[in-house]
Amino acid sequence: MITVRVPATSANMGPGFDTLGIALNLYNDFGFREIEDGLKFNGMPEEFCNEDNIIYKAMKYCFDKAGYKIKGLEISEIKQDVPVSRGLGSSSTCIVGGLVGANEILGKKFSEEELLEMAVEIEGHPDNVAPALLGGMVVAIFDENKTYYDKIDVKNGIKFISIIPNFRLSTEEARKVLPKEISLKDGVYNVSRAALMVACFSSGKYELLRYACKDAFHQNYRSKLIPGFEEVYNKSYELGALACYLSGAGPTIMAIIDEKDERFSNKLKEFLQIKGLEWNILGLSLDNAGATIIEGTK
């Protein structure tokens with residue numbers, strides 16, 4: 001069996017809407033095997049055991065690109081630690097996992113760049129799939145039907161705290177509340193802060209993240225779909241967070257804190273309990289590897 005491990009991702013980082021994303025050390029593992037015929041699923045709810053399965057669709061996309069007719073396919077979800085519809089890239093783990101698994105079956109026919117192009121074609125934007133495939137913090141754009149990206153050498157000194165609500169928020173639902181157009185003022189607001197944010201991660205001047213992480217494109221609109229958002233967001237800053245932003249389409253709030261801060265998570269847990277919010281807190285770090293093969297036998 002071919003086993004692929006894919007990291008969670010936090011996209012739409014601050015002002016970097018559809019552009020900035022980071023891979024984190026929380027993983028989904030998928031197993032793949034070519035079989036004599038048919039389509040077999042293991043470890044998944046019955047509703048996903050069909051040809052509409054996003055993992056299968058990504059694999060078929062890759063096989064079709066190669067002109068390969070697969071006899072049969074067995075797909076297993078071995079481990080699912082990335083929560084679904086929480087803004088941590090669960091769908092991207094499926095897309096990237098399927099593409100990487102298919103490429104292994106094909107004998108690594110496609111390059112990493114070609115797999116990224118396929119992932120963006122499927123997903124529609126690069127900010128989740130790029131770090132899921134490549135690891136690290138990635139700045140990516142889509143221009144004239146091609147993806148261009150670069151990885152940021154993130155300086156040490158920080159850790160990421162995922163503050164995960166106990167309810168789902170679909171990307172489709174979160175997209176509906178966004179405005180069709182933005183003002184020049186908001187455009188300048190985000191562009192300037194996105195530039196500063198990249199500089200902060202590159203230089204390690206994390207004291208500036210608080211100002212760089214602000215957004216005018218999506219957070220104000222989507223936060224209204226998340227009961228308790230404002231309270232938790234403001235409390236995170238009060239407790240010493242260097243930066244806070246809505247992860248992906250939400251509902252997870254991502255706090256960036258000093259790596260030496262030992263009190264933030266416990267203090268925030270106390271606050272959530274007082275407020276009656278049954279949210280989960282996960283301390284995470286940067287994953288630089290991206291999607292990896294942890295077992296490679298067909």
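Backbone N, Cα and C define each Cβ position, glycine as well.
Feature list (source: Swiss-Prot):
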- P83, V84, S85, R86, G87, L88, G89, S90, S91, S92, T93: ATP binding site (BINDING)
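The binding-site residues examined here are P83, G89; by Cβ neighbour count within 10 Å, the least packed of them is P83. Neighbours of G87 (ATP binding site), defined as other CB atoms within 10 A of its CB across all chains, total 30. The Cβ neighbour count for S91 (ATP binding site), using a 10 Å radius and every protein chain shown, is 21. Those residues of the chain, other than P83, V84, S85, R86, G87, L88, G89, S90, S91, S92, T93, with a C-beta within 8 angstroms of the mean position of the ATP site C-beta atoms are A8, V82, G248. T93 (ATP binding site) is surrounded by 30 other CB atoms, counting those within 10 A of its CB over all protein chains shown. Cβ neighbour count for S85 (ATP binding site): 20 (other Cβ atoms within 10 Å of its Cβ, all protein chains included).
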